[in-house]
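Here the structure comes first, spelled out in structure tokens, and everything after it is commentary.
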């Protein structure tokens, strides 16, 4: 499907055609550090605070005037809390405003003053975290990754634990470690076993030597529930979703391996998790629904979905850029995989997370877990590509890697197609200054 | 040591003598749901907002006028962020104001108008969560409990994993599940194995049948750090502590047992964690320092403390009240144990948590893990008392329990002695309305 045409020039390959309209938090050249909501359109960003204050929403009568203050907030939480019908109304209205044949040319198309103030070239804006994250939970729904990692951490015969196909396994993450794309990633130090073979129980405190990525989808919630209540599958679990981002759950494999039994990962994960800046709404992804991977286990009813196409077919890719001697870099695309490689959908994760009465909140972030396919070239972590650090990964420019070195940059992209994508989720590795 | 005498009548057994002065968040009969800071003194509570607005702090010149707005906030986060020296100044000033021989009688002792407005009988006030909790991490530093639980979940030979004595094991918890003492606890439903022997991999979705308590100390932080930096032992880890509360990390053992491998507990824990309302400052606990349990493992230097007395000897007790036919209840004290039964101190937990660069924030909550002694009558969970649900626990009034039933009430108390204590941390079990 070709995205609707706009009076604004939008590059053909842009993730941000009129078919998308994701939301984010920006500061601009003119906002003097004051954060506000924005949307990307092609290579431009619309400052929704300035747009709103310039009567940009005057033709959207269903959005009450007092509700428009949500766009002046430093996070999207208040906007998210208005609920999916309102998100969709605003998205559709903005599509109309930017459409070539807009019914409201006076709003922006022919309003040179507002265009100048509100519609900025992307490089005149900077993104911030889109949401204030109350709690962050990371699942493990990428069954191919779970199998591969389980094989390496334990053994292939016991790679998946018996609970794996019965419930979406997950753990509580660290909200304070979630950062926006572009934030430097500082190599953590921690307890690691330098010689696992000969000294399997004598750790050393040292910088991580097995710094890894995890290719994930993130999901922000737009509904809050009280303790003791739940969000039900096929009912309110799906409508509790605000939207999606790309997520790199950076992992220190050597720290994680020693610390994680029996209560799960802590310092192996809590030094940084990077997300892409724009929250893509479910309505923008609706054309890209895909079936989950088959689960032969008979599910309990609180996890049974009416339909199987509750994940999305988005092409996720991972670029690894290695610094070269000239100050440039050699980039290799090390992974290209569909985001549909999940055994569990986000509505199932939400239904499970809240099934025991856990309070969920607007702004909560859920991670899918690492997404890998079954083939080489479809793996979502270096752990899998290097077979647990045993094998070099061949890269462009005669480079080799098992895990990340200082100066390496990793960039995730996600393209659903037809002008709908996620932009970049990127981070560069830095040595800790305390080492 | 006898606590200093006050002009206000303070019952001899009170946790809240002048030697204590903990801080909390209250609403009062007069505040119309507006939250503010308060301190308990005997059976009274001082409304610090009203006190401050009534020039109560006028003799504390080191607390700038603009800083006094911290007492009007709905959480203690801003007060906490002022740092330990300020907390101590305020505590000492309030001790002086309430002292029998106060140098400032005009402030409150002889100020009938302010006394009437600001100093309320406890029953005219209600407590709320003292802090906005950014992240909550629960450790596992009670080695006696870890050994007992490990023996039951695995076997005595492998009860403690090799990492246990090298680092404070912990997991990220769910901040949204933390509630104030007195909040109803709703029995969670979840995936449980009804017949572990014969169907070890076929779960049922049902109300938890092994609802348990965990007797813990909680610790709130008063310092924020950036990602990539850390709080160091013997330096800033100790001064990052705002204060302490009692904590009941309610646990659904059957849900936890099935879900927790390999990433740790999720729904077995995230339905409720209750804390006591008043945050007791480290300065109030200084006289009760005690030695940690001996750890024979050679520690890495980032965890080595200059002194061994970095935990506290507070007598923790657990009362279990079973409803009787007359609408009353039979109460049994099932546990009495010193809070010093820890292998790791809070400064060690903080140093470890942040060692890899995890960002810590004012308002973060850390839990000690369940505190048990070595003797019967000193156990911090029903799991241990009932030997994994195999043995009935005998209670007053001919009652028996393995785990908690609906209608049961559990109350933790913590008494350091000499007029310093924590008040109550209590919760009553209710059936889920959706069952």
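Glycine too: its Cβ is placed from the backbone N, Cα and C atoms.
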Mg(2+) site partner of A:269, A:273 (as recorded in TrEMBL), chosen from A:236, A:249: A:249
Annotated companion of A:214, A:216, A:249 at the Ca(2+) site, TrEMBL, chosen from A:138, A:319, A:324: A:138
Candidate sharing the substrate site with A:154, A:256, A:260, A:370 (per TrEMBL), from A:136, A:140, A:403: A:140
Cβ under 8 Å to chain B, applied to recorded positions A:140, A:145, A:260, A:273: A:140, A:260
Euclidean distance between Cα atoms of residue A:273 (Mg(2+) binding site) and residue A:140 (substrate binding site), Å: 15
Binding-site residues compared (A:138, A:214, A:216, A:249) - highest count of Cβ atoms within 10 Å: A:216
Close recorded positions near residue A:216 (Ca(2+) binding site), where close means Cα within 10 Å, chosen from A:145, A:154, A:256, A:370: A:370
Residue A:256 (substrate binding site) and residue A:214 (Ca(2+) binding site), Cα-Cα, nearest whole angstrom: 13
Secondary structure content of the domain 'Fumarylacetoacetase N-terminal' (A:19-130), with strand meaning DSSP E or B: 44 helix, 24 strand, 44 coil
Distance from residue A:145 (active site, proton acceptor) back to residue A:370 (substrate binding site), taken between C-alpha atoms, in Å: 6
Cα within 10 Å of residue A:256 (substrate binding site) - qualifying recorded positions among A:138, A:145, A:249, A:269: A:269
Residue with minimal Cβ packing [other Cβ atoms within 10 Å] among the recorded positions A:145, A:154, A:269: A:154
Local backbone state of residue A:214 (Ca(2+) binding site), from DSSP in three classes: coil
